[in-house]
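The coiled coil annotation in TrEMBL covers 9-43. Positions annotated as domain 'Radical SAM core' by TrEMBL: 103-315. The feature [4Fe-4S] cluster binding site is assigned by TrEMBL to CYS117, CYS121, CYS124. Summarising the annotation, TrEMBL assigns N6-(pyridoxal phosphate)lysine to LYS329.
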Amino acid sequence: MEIFSLNPMQRWQKEIASAITTVEELSKKIKLTQKEIEDIKKVTGKFRMRITPYYLSLIDKNNPNCPIKKQAVPSINELCVRNEELIDPLGDEKRSPIKGITHRYPDRLLIYPTYCCASYCRHCFRRRIVGQVDKILTPKEMDKAINYIKKHKEVKEVVLTGGDPLILPDEKIGDLLRRLKKIKHLRWLRIHTRVFVTLPYRITPGLVKILKSVKPLYIVTHVNHPKEITPQFKKAVEMVAQAGIPIFDQSVLLKGINDNLETLKELFYKLLEAGVKPYYLHQCDLAQGISHFRTSVKTGIEILRKMRGFVTGLAIPFYMIDTPGGYGKVPVSYNFVKSYKNKVIKLETFKGKIREYIEP
């Protein structure tokens, strides 16, 4: 049976079941050199590969530098580990008081219902565990995680992440969301997911109904290139937005993929046009084996400086660095304040002119 003749529920499950996980399967779908085949075998011995048929279909088979291919197909560069790179770059485990939870900030925490994803990103900062073990939290582990949240009344927000929580079955997603919704001190919930990009068919009427039932709920997706904003992506976003659920985006600045003004400007415009607010642009983390994706911080600052004033503020995200070791995110930006003396502030306008603001 062809994938594209299935109903929505069957289709997303078939996509996952049919995902490409070996170089033998991949070589039948896209053209690979013998060296690429050998390299992929070496890399997948350490870091798994999984590409959904949908996401594979976005690869330009005639472009060796296709931005989708770079994000999905393993590169031999992943086996190059620099001294500054870390196994756990964000200190998730250090900030984990109980299995399945990271509690880094006072008023919010992360919960990991699963460590699986529909497709595995080659730039993943949790590659030490995501893609390594296809596992969900056991009922007992989930009970302990829920009890931890109940005890910590300072927590106002729980972020479901992973892995990708939306590749779980509807009943598991619904059960977890309902249990969290019953905790009185939680004021809203958030889900981090990439299924809009790699598996848009996962957004079904049944799933949307579940999500709608636990509002206020916020969804944050992960789009890195304009090619990822397809009719299927837009349809998935529309279904969720019509349920009254806001959608934000966290992109990653990736060398050779989106590290230039025109690509990011088009990406942010397309996101906003689709109904998704660009929220964060992340500097690539210090995860092992992804230095080939990292740009200089100066590159990110300069790109967003060039957008300021020329691109609507709605389309400009915060540029963020997650401090290595788990000490939290830090916003990084161009300094438009040129001097501050005797209540006179000299400001650089978006066109580069210097103007004064005088404090009372």
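Using the three backbone atoms N, Cα and C, a Cβ is placed for every residue, glycine included.
In the three-state DSSP reading, CYS124 ([4Fe-4S] cluster binding site) counts as coil. Per Cα geometry, CYS124 is the residue among the binding-site residues CYS117, CYS121, CYS124 nearest to the residue listed as 'N6-(pyridoxal phosphate)lysine'.
One residue stands out among the binding-site residues CYS117, CYS121, CYS124 for having the most other Cβ atoms within 10 Å of its Cβ: CYS117. For the residue listed as 'N6-(pyridoxal phosphate)lysine', the Cβ neighbour count at a 10 Å cut-off comes to 16, with all displayed protein chains included.
Under DSSP, LYS329 (N6-(pyridoxal phosphate)lysine) is assigned to a strand (E or B) in the three-state scheme. In the three-state DSSP reading, CYS117 ([4Fe-4S] cluster binding site) counts as coil.
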